[in-house]
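Below you'll find the structure, written out as structure tokens, and then a few comments.
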Amino acid sequence: MFVARSIAADHKDLIHDVSFDFHGRRMATCSSDQSVKVWDKSESGDWHCTASWKTHSGSVWRVTWAHPEFGQVLASCSFDRTAAVWEEIVGESNDKLRGQSHWVKRTTLVDSRTSVTDVKFAPKHMGLMLATCSADGIVRIYEAPDVMNLSQWSLQHEISCKLSCSCISWNPSSSRAHSPMIAVGSDDSSPNAMAKVQIFEYNENTRKYAKAETLMTVTDPVHDIAFAPNLGRSFHILAIATKDVRIFTLKPVRKELTSSGGPTKFEIHIVAQFDNHNSQVWRVSWNITGTVLASSGDDGCVRLWKANYMDNWKCTGILKGNGSPVNGSSQQGTSNPSLGSTIPSLQNSLNGSSAGRKHS
């Protein structure tokens, strides 16, 4: 059984993002109150706030953890047009004795001229790299050449998406058969027919990111996007949060069938589409094996989705924040108590905000 445990977050405004660290024992939250809070899970399973500080001069849209191989490192992004990198300092201070940790700003990334709407660390096999996207339609990729010096970041790539960007997701695959890839979503609500999801792939020859050829047909505003962890699959799975939940597969077309040196072509199939939230969906998040997807919407529920042996996706659980039973929980499958073990592994946020992201 899932047990709902309420946490008095003590944020003074809307919470926009919740992010778990790699091990699922630390959590970061960010809010329109311009602060980030870090929470640690005790042996008894309770969450305690061990750090809280003002991070930006505007609403903080997203917060994300680096892989622990690089230390205890966070990145945040804000309406104030910046992204920031933070590192936890472990010392002999009295703070630690009082159960408090100390976080130091290592760098501020100031290249964007508009609201920075998402920030994500690259998969660890790529080194310490960070991607941001902003309301002006530009994805920027930074690298820390010396992982021991987080105050130095160099801008490696700027990718123009032609549409206001709302969210990004790195493809986590570490297979040499797959080039680094990043998916970008747009919440542009103008009625133009441009696809709201774009895929960019790194080209070893040009050393640049190029738009992959995809027939991605999403035209509704996209609030969140997430590649599934890839455990040996030859294709990729991408989840999208828009007015509903959508799951796509991306299968690379064989190299000999594509033009030499040209952009990779992908065969795109929509394998699931669910409007069970009956509202805007704000976050999608995979478990660590890429087999269970969690989505959260304006209906106040987190819904869990899983494919059966026939590759048919079904709802396998519905969670409501206050722990009350959910009407219509029999929709699209039944609750499955065995999924309880997936919760610590649900990487990144499950709590979206219906406030949207204001563009400067």
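Yeah, the Cβs are placed from backbone N, Cα and C, and that goes for glycine too.
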Candidate set Lys12, Lys105, Lys120, Lys265, annotation SUMO2 cross-link, source Swiss-Prot, matching residue: Lys12
Per Swiss-Prot, the candidate from Ser179, Ser324 carrying the annotation phosphoserine: Ser179
Inter-residue Cα distance where the pair is Ser190 (phosphoserine) and Lys12 (SUMO2 cross-link), in Å: 32
Beyond the flanks of the repeat 'WD 3' (111-152) by 6 or more, those residues with Cβ under 8 Å of it: 58, 61-67, 69-70, 73, 75-83, 85, 87, 158-174, 180, 182, 184, 186, 200, 209, 357-360
Among Ser179, Ser190, which are modified residues, the residue with the most C-beta atoms within 10 angstroms of its C-beta: Ser179
Within the repeat 'WD 6' (276-315), residues counted as helix, strand or coil by DSSP: 0 helix, 22 strand, 18 coil
Ser179 (phosphoserine) versus Ser190 (phosphoserine) - Cα distance in angstrom: 32
